[in-house]
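See structure below.
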Amino acid sequence: MNMSQASVSFQDVTVEFTREEWQHLGPVERTLYRDVMLENYSHLISVGYCITKPKVISKLEKGEEPWSLEDEFLNQRYPGYFKVDHIKGIREKQEKPLWQEIFISDADKTLSKEGQKVLEKPFNLEIAPELSEKISCKCDSHRMNLPVASQLIISERKYSRKKTEYMNVCEKLQLDIKHEKAHAEEKSYEHGENAKAFSYKKDQHWKFQTLEESFECDGSGQGLYDKTICITPQSFLTGEKSCKDDEFRKNFDKITLFNHMRTDTRGKCSDLNEYGTSCDKTTAVEYNKVHMAMTHYECNERGINFSRKSPLTQSQRTITGWSAFESNKCEENFSQSSAHIVHQKTQAGDKFGEHNECTDALYQKLDFTAHQRIHTEDKFYLSDEHGKCRKSFYRKAHLIQHQRPHSGEKTYQYEECAKSFCSSSHPIQHPGTYVGFKLYECNECGKAFCQNSNLSKHLRIHTKEKPCDNNGCGRSYKSPLIGHQKTDAEMELCGGSEYGKTSHLKGHQRILMGEKPYECIECGKTFSKTSHLRAHQRIHTGEKPYECVECEKTFSHKTHLSVHQRVHTGEKPYECNDCGKSFTYNSALRAHQRIHTGEKPYECSDCEKTFAHNSALRAHHRIHTGEKPYECNECGRSFAHISVLKAHQRIHTGEKPYECNECGRSFTYNSALRAHQRIHTGRKPYECSDCEKTFAHNSALKIHQRIHTGEKPYECNECEKTFAHNSALRAHQNIHTGEKLYECSECGKTFFQKTRLSTHRRIHTGEKPYECSKCGKTFSQKSYLSGHERIHTGEKPYECNVCGKTFVYKAALIVHQRIHTGEKPYECNQCGKTFSQRTHLCAHQRIHTGEKPYECNECGKTFADNSALRAHHRIHTGEKPYECNDCGKTFSKTSHLRAHLRTRSGEKPYECSECGKTFSEKSYVSAHQRVHTGEKPYECNVCGKPFAHNSTLRVHQRIHTGEKSYECNDCGKTFSQKSHLSAHQRIHTGEKPYECNECGKAFAQNSTLRVHQRIHTGEKPYECDECGKTFVRKAALRVHHTRMHTREKTLACNGFGKS
């Protein structure tokens, strides 16, 4: 005889609650209920029960409440809408009846060592096919014909719960037991103390009348109707059982026992050998469950115990990478049946419904129903915690969970560490953190996680996946429900960014809408996110809850701590794709990449100057506003930047935290250390685009470029004089104030600038830290080294705008320009004489004081000028470093070389203002001008004879001393003057270097050439005072005066004069 198989749905092995019933359960009872339900479902899956994951299981796995007002609301609007399709889908996909795979007879059951029932031989429960085909259920309450019993159950449960019509079980077939129960509203279980009746499922009774037996809990000796409470994994095989309470001796079903144990807290179970203490019944059951379950399922790979088989199975699949379910179309593998079924619906295009208002197609029923609330804007639940937020919710579970932060309630507690949580999912997730095992590992980077959801979020970093997309604006969202919470008009505000988290999306939407609902009660500042508000409030409270375990430094933000810890680890996870440079912070990488792109997105509204960083723009704004918000507590000085303040405070503390690894020298600033290290490396990364000169520092390059641009941005407020360098301005301002802050401890000399004092100290110490890489010569100042290096390179970067002459040093250019301007800013306080150079003034003042601080180590001779001492040293060494490029002649002084070059070129740039006479050297002009003034400042100490020139005085003094220090090497003749020796030597050599431009005649001496040139010019500069006759040479004047006028006077005295 042909028989059809009757299949069983998941509802046959589950317990459902109404809203009122769920309210009576306590936290421990709800947790126990969740564990039982999840365990039952895991065993159904393990024996091949293929089904889309029930909604109640999904809720329990997420830690949500299994009952919500949404279910009741949807069933009122769409009676039987969900369970019909669910049952149809199961029957269409099921290849053979599940009765054969799940249920076994009582005779075929055996008991394992752990006390679990083992499935060995299945049995069949058969129904006549003619009856099976005619099954049709009718609801008498509202006269509806329903195709299956489950649909009738839903309809009757919602509309006719108060009716008490009874149906014959045998006449209506056992399949209508649920419908009969809904009409009967039977209440067969009663508590003896308060005679309260309860209504729960009894549909297992007719199927398993022969399987009734009573289970007793080994831990407390308490009789229970269902061994599930005592951790029997086959609770779905048992029908209703007898539950025995030791105190009341009453029978209860599962949920009645839960409620009874919740109210009856007086009862204690005394003999718990596992824990050695007495406790209430609820705690005993829970402890017994935890104790026994942890030993049932153990992972051999990781050594971790599980209370249910499903986590063990999932753990093993994670380790082995085994996937039980494979897609036929795309060959994608899945470790869970629920994920496989959802994937098949996606590929097949099996969409539950398409919404009429927005044409969005959704794959799941819950998504469709929840999506409808977006358009209707139905939010049933309103939070009114003392008028704090007035926030509304679609679901009551969300409202309850939202209210816990307001009330401070933490209902769920983890017993290992006594930590409590607001959400039921948190203590479930917490043990993984507490124990330290992480089941879920990333295949890309090897990072492990306690929760699969965290692994899924982490994988989006590698895949850059944004899970869901809204067609309205091109954005990606966490779910279709969140994606449609804003209209397409709102989405047009930006260009399609993507977000992988719901919180990110909501925060981004508030930015677009300008919404800032969270306000600080201290300062009134508003924020778009509550996390931003909490972080901001720590500014007022000073709270820094995050502490570094390495250095004990505390931070107000957890992200700041994470970033700080990279200082200790040296981690630089962010790498530039262009140059490969790595950075500690992502923001630093983005800022660095602007170097390659040249992007400067931040523009000043006052001067339109652009910046690569927003911080640089803010700092720049303070130039316009003059704001200096950061003040030093020690000296009261204020600064525009906090970094400058911190660096300034090191002056007071003396701290120098930055040390050079090469030489051990320490610095106050990190930038100073980096600049110093370039001395060791010789690196000069900054190059001038005009002259290609390189510099070790960017600031030096900017200062150098002012030479080409002529820019002088620093102006003196007193005299309006401008300067190219800020340091030069500060030094100049000390001239007006007369203040000299820096004093030498050795000699007491004071200076305007600290750098001048540092340079001066090297005179006492003899330190010369700057060495020439070409010749090894050392210098006390870096500027001296730079000037010296130009001798090797021949570079003369400073050019005169008037005559085009170039100079090695800028100071030489400035002095030269005074020739054209006639400026002599330095005046002698004694005689009022002015000088174009400060050094000339200092040398002149020594004439009045008689000071000669520079002494020759060879002969002990002293000099007023250091340059004169150096020139004197060359007499002993015979050094003549200055060579003429035309004739090869060398000179000991550069002034002699310049005079020699002018002799060859005939250049005479210096002109007498009185007579217009020109000279090749400036000293010649000064000496010549004394002819007009009659000044003779140099006087002989022996005879008192004055002289116009110092050189003439020195020559004269040799008459008194008889000194003739210059000797001819050829004939041994000695001379008192070097010029006389040079002239004498030309007799031996026959050299005549001085040539007349008019007739080409050559002479041995320059004085002879000058006398000869008077023949061509007709000049007779020497005039007789007696008769007014003029002569070309001075010697001729003397002869004339002797012969004519002296002789006449002699004759007149002797009586021979004319009568």
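Heads up, the Cβ atoms here are built off N, Cα and C, so glycines get one too.
Swiss-Prot gives the label SUMO2 cross-link to one of Lys134, Lys178, Lys609, namely Lys178. Among the residue ranges 41-63, 938-960, the one that Swiss-Prot annotates as zinc finger is 938-960. Of all ranges given (90-112, 136-158, 826-848), Swiss-Prot attaches the label zinc finger to 826-848. Broken down with DSSP, the zinc finger (994-1016) shows 11 helix, 4 strand, 8 coil. Across the zinc finger (882-904), the model assigns an average pLDDT of 85. Against the zinc finger (910-932), stretch 882-904 shows more Cβ pairs under 8 Å than any other of 440-462, 686-708, 882-904, 994-1016. When Cβ-Cβ distances below 8 Å are used as the criterion, the zinc finger (994-1016) is approached by residues 903, 906, 983, 986-987, 1032-1033 of the same chain, each at least six residues removed from its ends.
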